[in-house]
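Engineer: Let me give you the structure first, and then I'll get to my questions.
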């Protein structure tokens, strides 16, 4: 079969394009080392979240040096924590989020970052991120969740480590005092 | 039309203005209003589809304008023209209307008009079912419209995610109505799919093998197959949802294990094939128009077709890419990422084939070509931006942002662009007049500018979060551009409406083939084509289209439109919501004893659809299986009953009406050569019913696994009634076989007795089941008790609804057999038998799953 030079060029370009796409995607999936949401978060009973050891009193807790767990409950139409009081995290540490919903499906998106997941009742989404610079981020729900959907938002405050530590100690002390 | 004469022969009708059939009567001309209510002709139905879908385009477009006005600036609560809930409703209704009530029906308008012509058929296999599809579609759209006035329509997004979709969270009656409107729409689609598949496999002209089928017809063939299965899955999802909303089952309730995930699986199993269902016809239009206006056969035609077939199959294995942010395990996600990236490869091939066709051909820039060329560019942008979304990791960045919005609008509205090109392309064929070329090109220019002005800024402002009207203020200029673009795009259609409306009356007369180099068969007949399309019998036996004089072939009796299997589906299926709709068009036509011309008119599809509309409207306020108190509830209940009577009555009338399908000489019929149309239709319908039950059983298994398989006790503590029912059904299958044997032996009383026995056994099944349920109710179990009870009652209830539908048919068959029917032609009994055996087989799966395991 005779193929015109022009056609060969055409085919070659097409192949390069396709291989390029697949390469990009493969790198993104395997090479970039981004942690993906999967089933490791496990399940919870959405009806009894209040009694859950972690989601009963959601918030941040230290689980090692420079390593924290954050429990977030999304419910109509607030993030706990996040909406009534900002969620405070230290800059430069590893933060593992555990996000679930107490009623319908919500979105949990830290605007402008790749911290983004669905909050599904009964399921816990678990993902780890690092906030490099101190600053403030908006947090919002991007799944329809009812009449108050448009006001469902929150705030994340990324603090300097020392500043965070003193705040965190104060919180701990307060918690113990209450107990 | 009750006095319908068997001699409704309008075959000689060559014109379109008036019908002047020799036998002279009741098929009015196109100028008559009555014509449009009774017509079953595929070309009329096609035009009805196109006009109606354009109406829904306007409706969906106005909703889009409201959203764009709201988004003109970042808004807080109470700012702008839409209240928060109104905004949610506008977005949800816009999505549902555009995807369901505009895009597919618009494409199927062309399919109705063009496909039989391209096949060399005189009509679709089941003309009345075709009219029925249209009317169900129209009434489903009206029902959706009504939902706005019942406290507000559905407001949870077009994906209708659970548990927001249950009344706990969306209590408006309108939300239920919207779901029921979708059920009715799916009924329409199922009828249509069965009809198209039967026609396209069975009624191709001699020599027109699948390999030679024109590309537009190819895309419709693949679309119809995808619709058959995908919409059956959607139907399962919608019936479960309807039951949750109306009867109080708890599949999707927050407390149910994995209810939210169950919905996403069911919905996206349908939802992703739906993307290709919507896009394929547009691709077909692109291929046709490219070939015509480049004057060249498409490059790599064989590979093009193969690529489409691959996509159609693979489309059922990519759905979880819509669920990358749910807690599905990573291996499965990776698998779906691979299939998703993989499905883009055949599209690359198609795009290159189209581009290369242009390079090799000689382009003529007419309006249709401009539109499809524009569509190709838009699709390339939409496609490339979509590839990124296929990667799980990038999904974290993009999900819930306007990147997604921009991407799928480029793809979907890119498809619309091609279909608009198709409208210009076939307009001369449909009306017999040319449109104004200058206005057509002007429309394209304004449309294309408006399109890109609307959607391109959304890529730039991709960081805008979806589904809210608040966004970062610095993105506002881009959104303002988009809003302006939205108005430009929308208003450009005014040019088209003016152009086409005016041209339809005063345009230059169009010749048979206004486009040189158009090669498909629709251009070989007059514009518009005669009522029965071809004067002679079209054939490709010598490698090109020829018409044989009618004398050269002996037309066989139209063997179509006997038992019209497809409607069974929708009868049986709707029945789970209301038994009133259970009867169905399985009702056979009067026995055909003389050769008659084909029929073109029946009012019953219209009446039947109106009845189904009333039934569903009446059921909409149900909650926990109870009508609301007082006058309102009574009014709704009355509507349901009235609708049920109309539906049942029109089914019987349709069954008794003498109606003859198109006469055809069997040409190419792979892979169903030599099998009767009615039988093929029935098998195809049963295939979709398999998927419906598959959806229900899948939902059961999924819920049970999430609950813990072993901790799940069967609801009936005593399996004996179920076991007895198993024997009853098996025996009834046997009596159906006896009935067929008796009919074939022309043994009238044997037939009547066997059918009667089947009926009695079916009643026995239902009575036994009723007693069992009574017993369970007394034990305090109800549909809403827990999800275990929900799955038991709903799944076996769906089966019981199928049994009831079968019994209605059996009763009808028995009554007619009593009067001597079916002895000459036993096909109706045979098709009923297929359905009945299927229902029995389903029980053989249900019994162990729900009583023993």
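Including glycine, each Cβ sits where the backbone N, Cα and C put it.
From TrEMBL, for reference:
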REGION    B:1-26  region 'Disordered'
DOMAIN    B:36-541  domain 'Cytochrome oxidase subunit I profile'
TRANSMEM  B:136-161  transmembrane segment
TRANSMEM  B:173-197  transmembrane segment
TRANSMEM  B:218-241  transmembrane segment
TRANSMEM  B:261-283  transmembrane segment
TRANSMEM  B:334-357  transmembrane segment
TRANSMEM  B:369-394  transmembrane segment
TRANSMEM  B:400-426  transmembrane segment
DOMAIN    B:602-853  domain 'Heme-copper oxidase subunit III family profile'
TRANSMEM  B:603-622  transmembrane segment
TRANSMEM  B:722-742  transmembrane segment
TRANSMEM  B:749-767  transmembrane segment
TRANSMEM  B:787-813  transmembrane segment
TRANSMEM  B:834-852  transmembrane segment
Engineer: Should anything in the same chain at least six residues away from the transmembrane segment (B:400-426) have a Cβ under 8 Å from its Cβ atoms, list it; otherwise answer none.
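Structural biologist: Sequence-distant neighbours of the transmembrane segment (B:400-426): 50, 98-99, 103, 106-107, 110, 113-114, 275, 278-279, 281-283, 285-286, 288-289, 292, 366-372, 374-376, 378-379, 381-383, 385-386, 389, 435, 440, 447-448, 451, 454-456, 458-459, 461-467, 496, 500, 515, 522.
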Engineer: Find the member of B:334-357, B:369-394, B:603-622, B:722-742, B:787-813 that has more C-beta pairs under 8 Å to the transmembrane segment (B:173-197) than any other listed stretch.
Structural biologist: B:603-622
Engineer: Which bits of the chain, at least 6 residues beyond where the transmembrane segment (B:261-283) starts or stops, bring a Cβ under 8 A of a Cβ in it?
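Structural biologist: Contacts with the transmembrane segment (B:261-283): 99, 103-104, 107-108, 110-111, 159-162, 165, 216, 219-220, 222-223, 226-227, 229-231, 233-234, 236-237, 240-241, 251-252, 308, 311-312, 315-316, 318-323, 326-327, 350, 375, 411-412, 414-419, 422, 695, 698-699, 702-703, 706.
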Engineer: In the same chain, which residue numbers or ranges, 6 or more beyond the ends of the transmembrane segment (B:369-394), come under 8 angstroms Cβ to Cβ?
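Structural biologist: Same-chain residues near the transmembrane segment (B:369-394) but 6 or more away: 282, 285-286, 289-290, 293, 321, 324, 333-334, 337, 340-341, 344, 347, 351, 354-355, 358, 363, 403-404, 406-415, 417-418, 420-422, 424, 441, 444, 447-448, 451, 459.
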